[in-house]
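Encoded as structure tokens, the structure appears first; notes follow it.
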Amino acid sequence: MFVGGTDTNSSTLEWAMAELLTNPTTMAKAQTETKQMLGLNGFVQEPDISELPYIQAIVKETFRLHPPVPFLLLREAETDVEIFGYFVPKDAQVLVNVWAIGRDPGVWENPTRFEPERFLGKEIDVKGKNYKLTPFGAGRRICSGLPLAVKMVSLMLVSLLYSFEWKLPNAVDMD
């Protein structure tokens with residue numbers, strides 16, 4: 001679990017930082033929240049994350065736009081079923097495309113924009129209870145690395161935002 005989680009965690013952190021670098025206002029809000037919470041200490045601990053709602057929203061938004069894997073584990077249709085006009089025969093193997101769900105305009109307003117505010121004050125989490133945001137799957141097959149990922153990405157992001165001033169070099173365009 002730890003070895004498998006290192007690549008996905010570092011990739012998610014890279015995506016979060018890339019999104020923040022292209023959205024300096026969002027980064028400034030995150031840094032303000034982080035510095036107000038941590039004060040002069042600067043040392044973030046796991047319980048601190050629950051006191052940082054904007055950071056939590058950034059992590060969720062990063063998982064929405066850049067899930068650790070684009071497809072969840074294979075499922076098998078238990079019966080013949082029709083879904084949105086498509087016939088799925090019994091025993092067919094089915095993949096859930098979480099990457100596409102995260103960018104679906106039928107599910108999300110402004111789906112391609114990085115807007116952490118969409119999660120503030122909402123009960124949407126990444127634990128598989130809401131189909132809109134299931135980067136780790138759901139039910140019995142949910143990724144066992146979910147707690148590690150959420151905690152580590154949050155802790156590393158807070159540490160980076162607190163300790164450094166981030167900006168793109170002159171003339172560098174992330175697009």
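Sequential numbering from 1, following the chain as shown.
Yeah, the Cβs are placed from backbone N, Cα and C, and that goes for glycine too.
Here TrEMBL flags 142-164 as transmembrane segment. Same-chain neighbours of the transmembrane segment (142-164): 1-2, 4-5, 8-9, 12-13, 16-17, 20, 27, 30-31, 34-35, 38, 42, 44, 46, 48-49, 52, 55-56, 58-59, 62, 68, 126-128, 136, counting only residues six or more beyond its ends whose CB sits under 8 Å from a CB of the stretch.
The heme binding site feature in TrEMBL is assigned to CYS143. In the three-state DSSP classification, CYS143 (heme binding site) falls within coil.
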CB within-chain contacts under 8 A for CYS143 (heme binding site), separation at least 6: PRO68, PHE136, GLY137, ALA149
